[in-house]
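Undergrad: According to TrEMBL, the record shows the following:
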type	residues	note
TRANSMEM	20-39	transmembrane segment
TRANSMEM	54-74	transmembrane segment
TRANSMEM	86-109	transmembrane segment
TRANSMEM	121-146	transmembrane segment
TRANSMEM	158-178	transmembrane segment
TRANSMEM	198-218	transmembrane segment
Amino acid sequence: MKEGKKKKPETSIGESISALGAVFVYLITGLFLAVGFWVVRDKYSVDLISDPSLTLRLLWMIEFPIVVIIFSLFRSNPKKCSYFRAVGRSIVGLISGAIINALGAVSLGAPIGLQSLPKTIHWSFLISVFTVVPATAVFGASWTNWHRVFASLKPTGNIEYMILTPAYGAIIGGWFGAWPMPLDWERPWQEWPICVCYGAIGGYVVGQIVSLSLMIFLRKHKNLKLA
C-alpha cells in the first residue's frame, strides 16, 4: 500500500522580503511621496495650507500606483491570483477604504459642507493608500488574514509587518495630528485636514521605522534560538 504524499502547506504570502528589501521599498514609496510634494509646490505653487484639496489629490494619485505595483508582487497564493487581479482588487480596496475613512472622519467631527467635501475625499484616499491598499493587494478579501494581522496583531513574516505597523502608524499619527485643531490658536494649519494629514504622514514614516526594527529584532531572536 502506497503512502499518500503529504501536501506542503501553502504559505500565506507568495514572496518573502528581507529587511534590506523592506528598506528599499520604503525608500521608493517615500521618494514618490516626496515627488508628490515637489510637483505640488513646483508646478502648482501651492501646499497643504494654501490648497489642501489639490495637494492631497496629487499626493494619493502619485503614491497609489507605486504602492500597488510593489505590494501586488507579494500577493497571497500567486498561483491562483494573477498579478493583474491583485492590482484590480487594490483599486477596489482604495475606493472601499476611502469610503470607510471618510465616514469615520465625519463621525469623529470632520466638517460637512461643499467647501470641505473635496478635502475630506482626497484625505480619505491618501489614508486608504497608507492603510488599506497594501493589505488588499496582498490578502485580497481573505477575512482570516485581515483578522489575524489587524485585529489579533499576529503578523507572520516581513511583508505582514510592512502592512501592519505603517497602517497603524498612519491612523495613530492622524489621531494625534487632530489634537491641535480645536485649540484657539487661529493658525492656518489648524484647518481640516492639514494637521491630521501631517500627523498621518509622520505616523506612517514612524510605522515604517518600527516595522524595520521588528524585522531586525525578530531575525536576531530567531538566529539566537537556532544557535
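Even glycines carry a Cβ here, placed using N, Cα and C.
I'm curious about the neighbourhood of these features; can you describe it?
TA: Only residues 6 or more beyond the boundaries of the transmembrane segment (20-39), in the same chain, are considered here, and those with a CB under 8 A from a CB of the stretch are 47, 55, 58-59, 62-63, 66-67, 70, 158, 162, 201, 205, 208, 211-212, 215.
Residues 12-13, 52-53, 56-57, 59-60, 63-64, 67-68, 71-72, 74-76, 81, 86-87, 89-90, 92-102, 105, 159-160, 162-163, 166-167, 170-171, 174, 193, 196-197, 200, 204 of the same chain lie 6 or more positions beyond the ends of the transmembrane segment (121-146) yet place their CB under 8 Å from a CB of it.
Long-range neighbours of the transmembrane segment (158-178) within the same chain, counting only residues 6 or more positions beyond its ends whose Cβ lies under 8 Å from a Cβ of the stretch, are 12-13, 15-19, 21-22, 25, 71, 74, 108, 127, 130-132, 134-135, 138, 149-150, 195-208, 210-211, 214-215.
Remote same-chain partners of the transmembrane segment (198-218), defined as residues 6 or more beyond its termini with a Cβ less than 8 Å from a stretch Cβ, comprise 19, 22-23, 26, 30, 33, 48, 126-127, 130, 158, 161-162, 164-178, 189.
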Undergrad: Grab the same-chain neighbours of the transmembrane segment (86-109) for me: Cβ-Cβ under 8 Å, and only residues 6 or more beyond its ends, written as numbers and ranges.
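TA: Sequence-remote neighbours of the transmembrane segment (86-109) are 64, 67-69, 71-72, 75, 120-121, 123-125, 127-129, 131-133, 135-138, 140-141, 178, 193.
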